[in-house]
Amino acid sequence: MQAYLVGGAVRDSLLGYPVYDRDWVVVGATPEQMLQQGFRPVGKDFPVFIHPDSGEEYALARTERKSGKGYTGFLYHASPDVTLEEDLIRRDLTINAMAMADDGTIIDPYNGQRDLQSRCLRHVSPAFSEDPLRVLRIARFLARYAPMGFHIAPETLTLMQQLAQSDELQHLSTERVWQEFQRALGESAPEQFLRTLMQTDALAVLFPELLPAAQDSNTLSQINLASDPRVRFALLLRRSFAATPAEQRSQKIKLFCDQRRAPNAYRDLALQFCHHADQLCQFNQLDAAQRLGLVKNLDLLRRSEHLSLLLQGCAVICNNNLSVQQQLPLLLQALQQIDPKQLMAQGFKGKALGKAIDQAQLEICQQQIDGESV
Ligand code: ATP
């Protein structure tokens, strides 16, 4: 039996990138032999094993045959006589279909190295069209590699368009779609992910609500400027739901996030940002009560970790407008100095204590405004 490093690890090491995840393919072995060597099986009837020491994944070389809709509709055939080339041909892109032997030799039957050099994302075989997840994966790889000059081969783009226009995309699970989307939001050029989904018509099927943002070049450059994926998501939703009447916006955003199974951290920031971005960007024009209302609505006194994310979003939409970036953290700091115990020591309790805190907070907001006008 022979093990080869495959997929992303080979691609990234040839690109000179650090390698975090290493996947291996084992040729010429049976499941029983793997178990005898101490490997642990990943699942029942699935030819993937975990190395007892490194914890890395070792998959038996396999072929696959489409048996149903979606990316799960495949029948696998793993046996000791499946060759490395047969295993590599079922992979999505030529740059992901290379293997490396123990001695560092690259096995590259589908010209992945040529495509790495010409910065081309190209499918390996016509079987590419069998798995709709690949539309999302290739869009995500473009979001990662476009800044290095990569493009999608025209013939691959055509297959992606055909896939997106068939009914295959509807068979992807919500979790898998969100997973790819979230990963794309963390890549260096997430704008490319949306552009590619638009270009292939996949966006209209998977995220029709995001069409207004994806058609707006200003929003697309904004999401590239923000660095946190949650802020990028919030910027997209802000633009996408801009035309929704204010009283329906929360409900629509919540529905969108729930249907896509977006984690709460994404949903909450997007909701806050969509509602308060305008006020945040005009912070220096707000009076004391409005400033305090904003801090309370955003729940910043309890959840101050949101502050830096909100400010990141504001910096992007108001072109690094420094006023809110300086004023809001200062105000929050001052408000946090209010000590209810001191007020209690002065005899305030119950409702009167609440009122005294409110009053002290308002005064701090007013002091900030007075300080600004000096
Ligand atoms: P990343 O750096 O994003 O993790 P990766 O290439 O390592 O990229 P994985 O999802 O870990 O991505 O997949 C490992 C390898 O398995 C890929 O390089 C590719 O060869 C193959 N692969 C994974 N998913 C698919 C798919 N849907 N269709 C075809 N090949 C796939």
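A Cβ is built for glycine as well, from the same backbone N, Cα and C atoms used for every other residue.
In terms of DSSP helix, strand and coil, the domain 'Poly A polymerase head' (3-122) has 29 helix, 39 strand, 52 coil. Summarising the annotation, TrEMBL assigns domain 'Poly A polymerase head' to 3-122.
Mapped onto DSSP helix, strand and coil, the domain 'tRNA nucleotidyltransferase/poly(A) polymerase RNA and SrmB- binding' (149-210) counts 45 helix, 2 strand, 15 coil. The domain 'tRNA nucleotidyltransferase/poly(A) polymerase RNA and SrmB- binding' annotation in TrEMBL covers 149-210.
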